[in-house]
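Report on the structure given below.
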């Protein structure tokens, strides 16, 4: 039990004693303020479920407050006692909240907030217009007061409000740690990851909305007898904003945040009664001050600053018998994929993909950049619906939502880890243990699940603290915890998307051992990975994709020596570039000098110790398999990603601390991967944007004419929207835009990606012409044979390090180049 869990009952008891004592000792005016304060806390707790736990926003809770009040008033006026009217009013509001949530949850963020505002306005007008029931603008009067012997009804209502507040707080504290609360927090942190653990986000958010509305309705049910007269004017829309303010100021997601926030919206106005006309101004200034000084709210920011997680490292040894019993609770079944395909617009991303992953085996899915590997994983795991084919794991799964496929026995990890950042390591696994089931609103099976979580974490090699927030984990531990979380769903099939990305060699070797051990528990493992030594070491069968199509299926030895696979990774040898008229003989004074470059993404190292030299007029190629770090280097050079270490010198000036716009003005122009044109703008407008960084006078029409002479295809499309062009034509526009900047060096990132062979030939002819004209080019392309046709020199990257460099002629056919793409065995 954590310190927070121990302090919560003490805080509730203290609050209860204070509330009861004040209710029995205050005069009638302050007794009314206390009652309204307790009811505001209750509404705040309901909103805290919505905002703090599930990450949704509502500016319409005054509507549920009003519905609760009117239901309570009508029921008590009809003769029902308040003790029975209150739960009925709360239940009615919960049903309204659930019904509102179903259509509202099709949107999120500001759109959801707008829907709740519209709901509040509809309810307000409905109360005015439905005169036969609500009394219209005149409202309802003569609402009966509760009776209990000789106790003053005002005191009785104050005690009831305090009791309701304490019950709401206790419920929130329990909910926060329960399966319901964990599911809500998971959806808030990462809906994608939650769906892949079997959590239905619509069901979870609807539940949060219903609970939140129910608490607001319960508070409203008590406010009716407190006021004894209610009309629509008693529930202004501005009160909704104040309820939200109470949660945000106090600290969304904290137990006692609404307690502190309600002091601001109920007590502060009374203290500033002489300045009533400035109340909204005061609240606005307060909100801005809190958001600036304590963006997590007062209690949230204090907790973040002073609270430290309890230390409980994973020290247990792996108990294979316990783990085998855990995984064998589901009978092992293999996955069969037959002929699946999907099209995005006019692009066929995958077609006729078939594979079989058997229990106890590791099947790898490999291919060059853009081959469709992640698309296939997304179809198997339910994030994409295939246009054709079948996916079978005991039953047909194609077209099922991701959460249903996860419950059927398929778990996955992601290329970029998708942990629930604000949840602890243990809580991440507790979400997965539920396997998507809606459990009780209080913690259950905690001890048993914690013991199994420790076993799974020990299995994957995690030795850190159970209670540290996932956001605070180093990269390697994030990978391990994500695998352990996937295993906690007790899967029959485990999909791993680049689990070795960013890992060092030792960590990768440990990962290889782990994968083989998982297969030993009769799991069917499907691996997408660019670390070829790892893939070749652990896989029993490999499926190779190229441009969405399967081109090879077999053992590592068969695949590694397949000419189609080699051509897919290195590029074919059919294209023959025009050679230089004469060998490059330019200045040896480097225009760009890179030394000891190191780049991280988050905590993951992707490039380490890279040295590059680019001389004026050279065409330099950076080669390597997908994930080797090529594009990361270009992004660092262009200022789009700040390197961790090293120096970048352009024309004797250090640029590694400059931002992208400053670097562009100095003469580095990036043609990014995927073109990234402004699709709504015309070709002409895209080209003109390239000249924005120039300091000299620009003869725009003459320079555009030069681009059109270089790329004649664009002439007839000069006024067409760039987004309507073919991929090859868009790439020509992207290169033309870069040339309009008159750069010292033109950086090209994967220019051949997704293009037809004929278009690639046309594009590379243009690059050869630029080279011969003396334009300095730094080219990144996974198609090594293509790049070496036009390059003067090349650097070969493997897992973020340069493993080979030299003249293009010397590198053509070099076994070490092939090994960098397909693993060491390829060079044999």
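A Cβ is built for glycine as well, from the same backbone N, Cα and C atoms used for every other residue.
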Looking at 5-23, 62-80, I want to know which stretch TrEMBL calls transmembrane segment.
62-80
Range from 29-50, 62-80, 112-133, 207-230, 242-268 with most C-beta pairs under 8 A to the transmembrane segment (86-105):
207-230
Tertiary contacts of the transmembrane segment (62-80) (same chain, 6+ residues out, Cβ under 8 Å):
43, 46, 86, 88-90, 92-93, 96-97, 119-120, 122-124, 127, 133-134, 140, 142-144, 212-213, 216-225, 230, 232, 234-237, 239-240, 243
Could you name the stretch, out of 29-50, 112-133, 153-175, 242-268, 280-299, with the greatest number of CB pairs under 8 A to the transmembrane segment (207-230)?
29-50
Other than its close neighbours in sequence, what residues sit by the transmembrane segment (29-50), given a CB gap under 8 Å and a spacing of at least six beyond its ends?
19, 22-23, 56-58, 61, 64-65, 154-155, 157-158, 161-162, 164-165, 168-169, 171-172, 175, 184, 208-209, 211-216, 218-219, 222-223, 226, 243-244, 246-247, 250, 252-254, 257-259, 261-263, 265-267, 270
Quick check for me: are there 3+ Cβ pairs below 8 Å between the transmembrane segment (153-175) and the transmembrane segment (242-268), leaving out pairs under 6 residues apart?
yes
